[in-house]
């Protein structure tokens, strides 16, 4: 990539701009010195200035209700444009395909994509010779928790995951919890050898099985934002790793990192840890 491209602020489309995460992304992109808000897409308040909607003052960027119209315009720009998607599991797959089709680089924080959908998007990005980033969690603290869990798994055979989120989250278990279990499974170890013949008096009482026989328990309550515990057990001891999100600003360093790096990639990568 040329020095001119690297020195020019990165133009960013935010899809789901009025959502809880989208609002924070708009603010972060607006405030960062090397990024510039190109467009804001949402189904609500179409035509209203996104800056006024978020209390940032007039930005002269009206909220668009059509991602396709925005991508058509972005395809005409001299420098590649990045799209950040924090929308809904039912919308994100087509959003990413559309972005790639128009040469817009996707950064995705929306969870709920199936493994098959992720594989299809990876193939689509490969054919376009474009980079894309999908990360179930953009918190650097969560990446560190997963790294600590990988290390701990060398010494513990029993582990379960509890993830807790606000009650507006549509998918369960969370993409972060699934990714945590998958990263532990990639060690080639099967956890939680059975000790007794279990029976559930209420279906699902013991959680859901993820990779490597790791159970995940999901909690949805108002007052929560995003929290995860990885609990290891052994005779005479419990080892608990926990990450708590108290403000969605914690995700912004990771989002900005992905925005800055995605145009340098030639394939889809899954997980923020691959950029660190």
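Cβ from N, Cα, C; glycine included.
Swiss-Prot has this to say about the protein:
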BINDING   16, 17, 18, 19, 20, 21, 109, 110, 111, 135, 136, 137, 138  NAD(+) binding site
BINDING   44  NADP(+) binding site
ACT_SITE  165  active site, proton donor/acceptor
BINDING   166, 175, 176  (S)-2,3,4,5-tetrahydrodipicolinate binding site
ACT_SITE  169  active site, proton donor
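Mapped onto this structure are the features recorded in Swiss-Prot.
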residue	record	DSSP class
16	NAD(+) binding site	coil
44	NADP(+) binding site	coil
109	NAD(+) binding site	coil
138	NAD(+) binding site	coil
165	active site, proton donor/acceptor	strand
175	(S)-2,3,4,5-tetrahydrodipicolinate binding site	helix
Taking the Cβ of residue 136 (NAD(+) binding site) as reference, which residues of that chain separated by at least 6 in sequence fall under 8 Å from it?
-> 109, 111, 174, 175, 176, 178, 179, 271
CA-CA, which of the recorded positions 138, 165, 166 lies nearest the residue listed as 'NADP(+) binding site'?
-> 166
Whole-Å Cα distance, residue 18 (NAD(+) binding site) to residue 166 ((S)-2,3,4,5-tetrahydrodipicolinate binding site), is 17
Within 8 Å of the Cβ centroid of the (S)-2,3,4,5-tetrahydrodipicolinate site residues 166, 175, 176, which other residues of the same chain have their Cβ?
-> 111, 136, 137, 163, 165, 169, 171, 174, 177, 226
Expressed to the nearest Å, what is the distance separating residue 20 (NAD(+) binding site) and residue 169 (active site, proton donor) at their Cα atoms?
-> 11
Roughly how many Å separate the Cα of residue 138 (NAD(+) binding site) from that of the residue listed as 'active site, proton donor/acceptor', to the nearest whole number?
-> 15
